[in-house]
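A short worksheet on the structure shown next.
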Amino acid sequence: MKSLLFLVLISVCWAEPHPDNSSLEHERIVHIQAENGPRLLVVAEQTKIFSHRGGNITLPCKFYHEHTSTAGSGTHKIRVKWTKLTYDYLKELDVFVAMGHHRKSYGSYHGRVFLRESSENDASLIITNIMLEDYGRYKCEVIEGLEDDTAVVTLNLEGVVFPYSPRLGRYNLNFHEAQRACMEQDSVIASFDQLYDAWRSGLDWCNAGWLSDGSVQYPITKPREPCGGKNTVPGVRNYGFWDKEKSRYDVFCFTSNFNGRFYYLIHPIKLTYDEAVQACLKDGAQIAKVGQIFAAWKLLGYDRCDAGWLADGSVRYPISRPRKRCSPSEAAVRFVGFPDKKHKLYGVYCFRAYN
């Protein structure tokens, strides 16, 4: 019945005007495009791309017409728009737009994004000098006249997730304070996917922490009574979504490799916190941040049994090769605590950025 109705409609639309209608001032002819006409298709050859901070990558995207071998019909200008999808899926952040000779990049992407344009149907996006904040899902949208289609590509970053709480102690950060705490330690607040990957790699932490989508979760690989019960299944435990202003938890941060040198400063004596800061400055560096010690440990295999000051006032040391007196049971960044800055004496970890 539907096919018959469609044929009748087509015949009516294409019928020649009847002689009795010759007195009409205007004759109208309605054209209906057949169902098997050209249809715009947008394709991503890879849906996941892996990179690291400071690197350059290409997010693949090409467009075709389903029933032709050409990239475009030639009757309309092609508009290419790249956006970044947010975690609530209700907002999209503009990244890059191109139409004809017009090009525009947005926000932190300004000057870092370009179309590859290796062929007339190539809408792939090049991102240079990758930042931690670039992690996430990107949408490639191609528009030609009334036709449009999209493809989604995920940009993953090599890095490490680490739990963080401030000097004030456990569960003292609202969501916005958690974001700032991560930024101050050369990192960003981690996503659920990043925490899940870290859990699969063995991260076990009993304190609940904020994630970038506003949820509060924690990873358990060894079930035990204080962490949900010893008979529960290992996994990432979800506390749900909480008030970002009033609720207070720890936070899970994510960092990647760095463009610089992380090192333990060889010094003739142990130092107070202020002395440690000055010692790094005198050596042409800065006191290292928590994200930098985790990146050096996880990504470079840095191993040192000496406890040292870090920028947030904590004292830690990284162990990649477990041994007696130096984290005998597991590889980890060992946490000594937040000692008295004025009276306690330790070594110091420094970071010197490369120009």
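Glycine too: its Cβ is placed from the backbone N, Cα and C atoms.
In TrEMBL this protein carries:
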type	residues	note
DISULFID	C206-C227	disulfide bond
DISULFID	C305-C326	disulfide bond
DOMAIN	38-154	domain 'Ig-like'
DOMAIN	160-255	domain 'Link'
DOMAIN	260-352	domain 'Link'
SIGNAL	1-15	signal peptide
Original post:
Rounded to the nearest angstrom, how far is the Cα of C326 (disulfide bond) from the Cα of C206 (disulfide bond)?
Top reply: 22
**OP:** Among all chains shown, work out which of the disulfide-bonded residues C206, C227, C305, C326 has the most CB atoms within 10 A of its CB.
**Re:** C227
Subject >> Inter-residue C-alpha distance, C305 (disulfide bond) and C227 (disulfide bond) (nearest angstrom) >> reply: 29
Subject >> Alpha-carbon spacing, C326 (disulfide bond) to C227 (disulfide bond), which is rounded to whole Å >> reply: 26
